[in-house]
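For reference, TrEMBL has these:
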type     : residues               : note
BINDING  : N106, H111, E116       : oxalate binding site
BINDING  : H109, H111, E116, H155 : Mn(2+) binding site
DISULFID : C31-C46                : disulfide bond
DOMAIN   : 60-209                 : domain 'Cupin type-1'
SIGNAL   : 1-22                   : signal peptide
Amino acid sequence: MATSMIHIFVTFMLVAAHMAIADTNMLQDFCVADLSNGVKVNGYPCKDPAKVTPEDFYFVGLATAAATANSTMGSAVTGANVEKVPGLNTMGVSISRIDYAPGGLNPPHLHPRASEAIFVLEGRLFVGFLTTGGKLISKHVNKGDVFVFPKALLHFQQNPNNAPASVLAAFDSQLPGTQVVGPSLFGANPPIPDDLLAKAFGVGAPEIQKIKGKFPPKK
């Protein structure tokens, strides 16, 4: 009898778990983000459907190249995530445009919440990512090519040529997040201790201070 009750209980829990997973799908047509509400619990609260407009699903910012002249790395990212397109809330997708000046670099970074696929609009790029085992997966990609970066792995794009380049980047998250290696480590606020970074990178404290000078602390 006890064994039968255990089997029933286990079966019930498995069914309940399956139902809970199934319920992660949206239970309405859309949930346009109410950006005026500061509360976020794994996304934004829903805007009143009666106040939803076509503009909540619309964005024109990817039509033209962004200025790269003022970028220290020679690249500029124009994001169309939930903060720019409220209609993306709960949909698990977003898109960006990245423009590169000649010699421009989108430095090593990661997206903690998303995989990324780029489509080359113009130019030729050297792109790659690092596996957790330290292997570099890299390739030169040309106009019309697609390259994929796995979720949360360090990756980069470089334009080694004398002409501008640009890509469209698609993400499986409404807000992928971006953590750039240099500013994150050397521009942290409060700062990471010099001796810790010096030991981690096998250099002296003066070298760490010099690098930190290039990355103002985040506010």
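Just so you know, glycine gets a Cβ as well, placed from its N, Cα and C.
Since the structure is predicted, the reported quantities are computational estimates derived from the model, not experimental observations.
Overlay of TrEMBL annotations on the structure.
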residue: C31; record: disulfide bond; contacts (Cβ under 8 Å, 6+ apart): G43, Y44, C46, K47, N89, T90
residue: N106; record: oxalate binding site; contacts (Cβ under 8 Å, 6+ apart): M73, S75, V77, I98, Y100, F156, Q157, Q158
residue: H109; record: Mn(2+) binding site; contacts (Cβ under 8 Å, 6+ apart): L154, H155, F156, T178, Q179, V180, V181
residue: H111; record: oxalate binding site; contacts (Cβ under 8 Å, 6+ apart): F149, K151, A152, F171, S173, P176, G177, T178, Q179
residue: E116; record: oxalate binding site; contacts (Cβ under 8 Å, 6+ apart): V148, F149, H155, A169, A170, F171, P176
Requested in this report: With DSSP as the reference, give the number of residues of the domain 'Cupin type-1' (60-209) in helix, strand and coil.
Outcome: 22 helix, 57 strand, 71 coil
Report summary line: Most Cβ neighbours within 10 Å, among the recorded positions C46, H155, goes to H155
Report summary line: Not counting H109, H111, E116, H155, residues with a CB within 8 A of the CB centroid of the Mn(2+) site are L110, A114, F129, F149, L153, L154, P176, T178
